[in-house]
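Chemist: Okay, here's the structure, questions in a sec.
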């Protein structure tokens, strides 16, 4: 076993272990952290496959942003574990059925289509980032743009759904604060001095 | 003599060579971090017409050493019901990305530990992981204040990362490369005219402001906010565990300052480049000083580091909702418009910064 194979099995073991731990641990925060570990080691595996752009972006997007927000929410939630475990035995047969079906489908795909020889190693000056960029902006430019527009629509929809103006909030608009002038706030009053008569 | 040293170096195993290089980067970095804390106290002291530390050693020069010794000998206290493992690993998670990002920073032409293609992406990915140290510390402490600090910091860092990422996209569009060395080499020109700060001035400001916010420094230090939530996410930490958080914060500051110098201010390029003749550059000391080299990179980094301290002495802390407003409603639109402008310029081939 050479060093590369050792690294692969090392990371693969962590990925599988962390993924199993993620669905078995009781504490939701620990589960989220195990998911982070799974993402991170998957990124390491991708980098070993010479897909360094995908690996780094996986860390940047999923580890650096998505999971942070996930943790953010999970930490603030007060999850009632006993209620979540209710009906575990009742749903167990359905769960096993779904699991077996998914395992079958996945193993069919893996056995049928992933029996390929290892691809030729890229040259030292090969840049995965550049190769991906070229293919995305030439061959797949329309699917890429359409996906971007769909994501934009989703962002606008999410904001529109959650945006509500509550009456009576005392939030201050900084622009209004900055534009305040003396004339708007202070009224100069002429009055006679009240000396002793 | 020199040949013998080179032969000895070439004879070393690769692992040993890499280890030596890492030591040569991390040891001065740690020293710089220690003396940044000293510089901070001195600079802010003089700005507030005080003397700052002046008791330990001549002019207080040994103050950071004394602080480090004090923190080393203190007990690390574990709060009751704190999650022991996560509590202790959180400082490590905070400092790991701050140090690992230095692997791709070029100090001079070719003086870089890992000359990788996707260096800028690598730095973005690593700095985005620094937030885990803060979040895990806040959660594992089993303390209200720590959790509040962690939540504030998580929201803030995720928001400013977007503005920062867009600012860096502008740089890579102008340079046409993700490699930091290539980005600096793309800034070559007569004197300072080639530097990216001129065509990308808006992006530079956005980058630096989000850099200050990403490192949780004043005026964006709501994660610590000592007048509101005691000390924020590290309120329960003591001794060396606390010190490691501090090391991480200062290492991140130096990293942001170094990146500002590399991406916008020409890195190791000299501002006299192309102005002085070859004969002057051949003069022993003066020529070395006026030519390109690591000293320019270090001077630029030191200036931006000074700006961090300057901001802290100058600005009052932002209110939380205004931090969010600045990040989302001001900085991100600015970067988007600027990116569009650069895109048009690149598409039309109108790139005056390419000499």
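For all residues, glycine too, the Cβ spot is worked out from N, Cα and C.
Annotation source TrEMBL lists transmembrane segment at B:12-38, B:85-107, B:119-140, B:160-180, B:192-209, B:254-273, B:293-311, B:331-350.
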Chemist: Per the 3+ Cβ pairs under 8 Å rule, pairs at least 6 apart in sequence, do the transmembrane segment (B:160-180) and the transmembrane segment (B:331-350) touch?
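Modeler: Yes, the transmembrane segment (B:160-180) and the transmembrane segment (B:331-350) are in contact.
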Chemist: When you scan the chain for residues with a C-beta under 8 Å from the transmembrane segment (B:192-209), skipping those not six or more beyond its ends, what do you find?
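Modeler: Those are 163-164, 166-168, 170-171, 174-175, 183, 186, 256, 260, 263-266, 269, 271, 304, 307, 326, 331, 334-335, 338, 342, 345, 352-353, 355, in sequence order.
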Chemist: Residue list, the transmembrane segment (B:331-350) vs rest of chain: Cβ under 8 Å, 6 or more residues beyond ends.
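Modeler: Distant Cβ neighbours of the transmembrane segment (B:331-350) are 160, 162-163, 166-167, 169-170, 173-174, 199-200, 202-203, 206, 209-210.
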